[in-house]
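Enquirer: Quick paste of what Swiss-Prot says about this protein:
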ACT_SITE  Asp311  active site, proton acceptor
BINDING   192-200, Lys213, 313-316, Asp329  ATP binding site
DOMAIN    186-454  domain 'Protein kinase'
MOD_RES   Met1  N-acetylmethionine
MOD_RES   Lys34  N6-acetyllysine
MOD_RES   Thr342  phosphothreonine
MOD_RES   Thr345  phosphothreonine
REGION    115-161  region 'Disordered'
Amino acid sequence: MNKPLTPSTYIRNLNVGILRKLSDFIDPQEGWKKLAVAIKKPSGDDRYNQFHIRRFEALLQTGKSPTCELLFDWGTTNCTVGDLVDLLVQIELFAPATLLLPDAVPQTVKSLPPREAATVAQTHGPCQEKDRTSVMPMPKLEHSCEPPDSSSPDNRSVESSDTRFHSFSFHELKSITNNFDEQPASAGGNRMGEGGFGVVYKGCVNNTIVAVKKLGAMVEISTEELKQQFDQEIKVMATCQHENLVELLGFSSDSDNLCLVYAYMPNGSLLDRLSCLDGTPPLSWHTRCKVAQGTANGIRFLHENHHIHRDIKSANILLDKDFTAKISDFGLARASARLAQTVMTSRIVGTTAYMAPEALRGEITPKSDIYSFGVVLLELITGLAAVDENREPQLLLDIKEEIEDEEKTIEDYTDEKMSDADPASVEAMYSAASQCLHEKKNRRPDIAKVQQLLQEMSA
């Protein structure tokens, strides 16, 4: 017979049945991420960093529960059920807290219907809601950025909105991509690459090469959420055009296979060019500086028009024939009424190796884009990937610690494949990256300041 659970019961002593029930509550909507970032060391520092969270996340691909693995690991520190329940209540996961210690959950929460209980803290703190697909009206700046029709509801679908994009049939897109040929484009086929939410194929429309992204449901992404991201991408691109944002040409939504059609970027992604994929030559330092400045221009345009990208990374920075940077993938973008506003979301999204500490807690703020851009600047300097499990340190952003501890210098990490790197400008870009990567969001510069730092670097 199992012993009753008490606040002093060790987490490591929970039986498999209880762990399975906990994972049923905590695994969905990535509640385990919220729990992981809430767990602290005795010193008050975070116990789990981005790399740890990536490892837990990878377990989903093998069919394992990240919640169970997280509790197995944390359980080695002699933490108790009481400790766990305190954190579950803190992050508003009341159902699993009640499962463990019913009396530990506030009576006001338990007495509410389930839907209200899940959102009880909204009356007292920041709103925690599912990502909406609305786009806030935005002022016109130097480049075209028109607000959506205010007479239409925010949650309208793209089929009923005036998007100004061409509507392709899925049959047309099959035709222009050779039936979505899976052979790599580098080998004469059509497949160009794979992203977080779909596969990109090369196509040809009226003698013009285009890129067709066929969206596909990934682990933990439902069909409904994929449709929301599809709608969001179109709405953002319909209202914002800028030389440093990728150009959306059209879409297809007449079948179960949602597709987006973009202008073709001959030089692929910054990630691929930094890794010299397919034997391409390394980017010069001059080109890297140009890419950094172009990306900063694009981020500034988004922020000044009240948009937070939420997934700035080298894979989402595309390069045209002149190596002009084009920010892509706006499916996770979020509209914010005020530039400095921080809101909360119940779903933590983005790429972990680039995510700011507050983003891992579910905060949505422009300063998280700044942090992610800091990682991109490190990639430009070093030519290294943001994360590599076979490297030490595994997270690229951790080189900042080594440099601050005077164990190494930025020269030790500068990409040796560059022949024109200027030590002074490399140091200046690293200084900008270091400021972007400050743990405290309010200590990071805004994007206008980052632009200034990058311009001074090239002066």
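Residue numbers in this text run from 1 along the chain shown.
Cβ atoms are placed via backbone N, Cα and C, with glycine included.
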Enquirer: Report, in whole Å, the straight Cα-to-Cα distance of Lys34 (N6-acetyllysine) from Ala315 (ATP binding site).
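Expert: Approximately 25 Å lies between the Cα of Ala315 (ATP binding site) and that of Lys34 (N6-acetyllysine).
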Enquirer: Could you state the whole-number distance in Å separating the C-alpha atoms of Met192 (ATP binding site) and Asp311 (active site, proton acceptor)?
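Expert: With the alpha carbons as reference points, the distance is 20 Å.
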Enquirer: Report, in whole Å, the straight Cα-to-Cα distance of the residue listed as 'N6-acetyllysine' from Gly198 (ATP binding site).
Expert: 26
Enquirer: DSSP secondary structure for Glu194 (ATP binding site), reduced to helix/strand/coil, please.
Expert: strand
Enquirer: Taking the Cβ of Lys313 (ATP binding site) as centre, how many other Cβ atoms lie within 10 Å?
Expert: 23
Enquirer: Quick one: Cα separation, Val200 (ATP binding site) versus Asp311 (active site, proton acceptor), in Å?
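Expert: Rounded to a whole number, the Cα-Cα distance is 18 Å.
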Enquirer: Determine the Cβ neighbour count for Asp329 (ATP binding site): the number of other Cβ atoms within 10 Å of its Cβ.
Expert: 24
Enquirer: Roughly how many Å separate the Cα of Lys313 (ATP binding site) from that of the residue listed as 'N6-acetyllysine', to the nearest whole number?
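Expert: Counting only the Cα atoms, the answer is 22 Å.
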Enquirer: Of all the recorded positions given, Glu194, Asp311, which has the fewest Cβ neighbours within 10 Å once its own Cβ is left out?
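Expert: Each of the recorded positions Glu194, Asp311 was scored by Cβ atoms within 10 Å; lowest is Glu194.
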Enquirer: Quick one: pull the CA-CA distance for Lys34 (N6-acetyllysine) versus Asp311 (active site, proton acceptor), whole Å only.
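Expert: Asp311 (active site, proton acceptor) has its Cα 18 Å from the Cα of Lys34 (N6-acetyllysine).
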